[in-house]
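One structure below.
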Amino acid sequence: MAILTDPDKLIAQGYITQDIAEVMRQQARGLMVSMAINVILCFGILCATGGLIFWLASPASVALVGGFLLGAGFLIRLKGYESTAMFGSSAILIGSGMIIGGAGLELVDKYPDIAAFIMGPAGAVVAAIAARALVKGGLTGPFVQGSILLMGVALHLSGLAFYLAEHDISGAAITAFYLYATGLIALSGWVTDVRFITALAILPFAQALETGTFYFHAMYAFYSPESTLSILQMSLLIIAMLWLASRLPERGARHARILSLMGFIVANLCALVGSLWGDRIGETLWGPQRGDLSWDEFKPLRDAFQESAVFITPELYSILWALALVAIIAWTAFSGRRGLFNTALTFAGIHAYTQLFETFGDEPLAYVIGGLAAIPLAWGLWRLDSWLSQRQTAG
């Protein structure tokens, strides 16, 4: 677990020397610089690849330029000069991306009947070859091998998704696809040791219950048709990932922790939806579906379901969410889970700001009760922290 500390304070307290503090600062700086370089490099490769595909807009041109860049990149890497290795790797990745991405777009556009049957297996083969190279080692290095593996996974999943969309398949098959995509993306993140990829696994996992996002002009929106069930789903993920993180070596544990953090973020967003509109549990899953029914036929069925279904009001949701956040903030503070702690604090601020205007804005007594309850709660946490600190010192 990464620990946030102040080297100067540790020096003043006599725990470390000036030399050790300098090493800590240099390592922290090195990590930040490395991250900045990788982000800029990946952004440039993605933009150049996509831009060249759409600018050339011809299968032959894309294949020709992609093949040229791929070959040029290998030649640069063969020279073995460290100063030009980044250019060689970039050329290999742009060329590979043009060939793989261009082929996928061409198949979907010109050969939709067979696109899925080529993209799915071809992507799996590319990913398998890259994974083997990543394990065995080779000329291009782990960055290139891992990136090509991710391209293969993207092509494979795109092929499966295209097949489901083309044949209007829904229900359990779609849910199974989302869960499969979740596992495959998380596995890819672990194999390549890129936590950003592992974090992306939350997207198909959330979609299993149709939680997601969409974009309007100058507006991003989050929706959760089953906020309560989605919170339970994310809670199971969080518990499972924290359990894994406590048992895996650090390399795997950090991927489990990032996925638990993403699950916590989505769970809080679902709670925000519930605190604004409430939640009638199961309405979109086992409730009546509109389908081909007219409004006059559908409305009585919907009304009957709503009368019998469990409904959590926005006010109750707001209170339960606030209590959960308080408990999580306390637990994560004492257990040293900084990522979850910071996220819980952030959503506590969002929750307070939102409810100020939406739910309890005209109920000053609610703030009196909440404020007076917070004071002894803070005192209790302070006393608990003192007791735990004394026990640790005595132990």
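Backbone N, Cα and C define each Cβ position, glycine as well.
Curation plays no part in TrEMBL annotations; they are all automatic predictions.
The feature transmembrane segment is assigned by TrEMBL to 31-54 (among others).
The transmembrane segment annotation in TrEMBL covers 60-78 (among others).
Cβ atoms under 8 Å from those of the transmembrane segment (85-108) belong to residues 41, 44-46, 48-50, 52-53, 59, 62-63, 65-77, 79, 114-115, 118-119, 122-123, 126, 140-141, 143-144, 147-148, 151-152, 155, 158-159, 162 of the same chain, restricted to positions at least 6 beyond its ends. Annotation comment: TrEMBL describes 85-108 (among others) as transmembrane segment.
What TrEMBL records for 114-135 (among others) is transmembrane segment.
The feature transmembrane segment is assigned by TrEMBL to 147-165 (among others).
Annotated transmembrane segment per TrEMBL: 171-192 (among others), in sequence order. Counting residues 6+ beyond its ends, the transmembrane segment (171-192) has Cβ neighbours under 8 Å at 127, 131, 134, 142, 146, 149-150, 153, 156-157, 160-161, 164, 198-202, 204-205, 207-208, 252, 255, 259 in the same chain.
Residues annotated as transmembrane segment in TrEMBL: 199-223 (among others).
TrEMBL lists 229-246 (among others) with the feature transmembrane segment.
With a threshold of 8 Å between CB atoms, the same-chain residues lying at least 6 positions outside the transmembrane segment (258-278) that come near it are 186, 195, 198-199, 201-202, 205-206, 211, 222-224, 227-228, 230-231, 234-235, 237-238, 241-242, 245, 311-314, 316-318, 321, 324, 339-340, 343-344, 347, 350-351, 354-355, 358-359. Feature annotation from TrEMBL assigns transmembrane segment to 258-278 (among others).
Taken from TrEMBL, the feature transmembrane segment covers 316-334 (among others).
As annotated by TrEMBL, transmembrane segment applies to 341-358 (among others).
Here the transmembrane segment (364-382) has Cβ contacts under 8 Å with residues 322, 326, 330, 333 of the same chain, all six or more residues outside its ends. Annotated transmembrane segment per TrEMBL: 364-382 (among others), in sequence order.
Residues 175, 177-179, 181-183, 185-186, 189, 229-230, 233-234, 237, 258-259, 261-263, 265-266, 269-270, 272-273, 284-285 of the same chain lie 6 or more positions beyond the ends of the transmembrane segment (199-223) yet place their CB under 8 Å from a CB of it.
Proximity of the transmembrane segment (147-165) to the transmembrane segment (114-135) is established through 3 or more Cβ-Cβ distances under 8 Å for residue pairs spaced 6 or more apart. Here the transmembrane segment (114-135) has Cβ contacts under 8 Å with residues 100, 103-104, 107-108, 142, 145-146, 148-149, 151-160, 162-163, 166, 188, 191-192 of the same chain, all six or more residues outside its ends.
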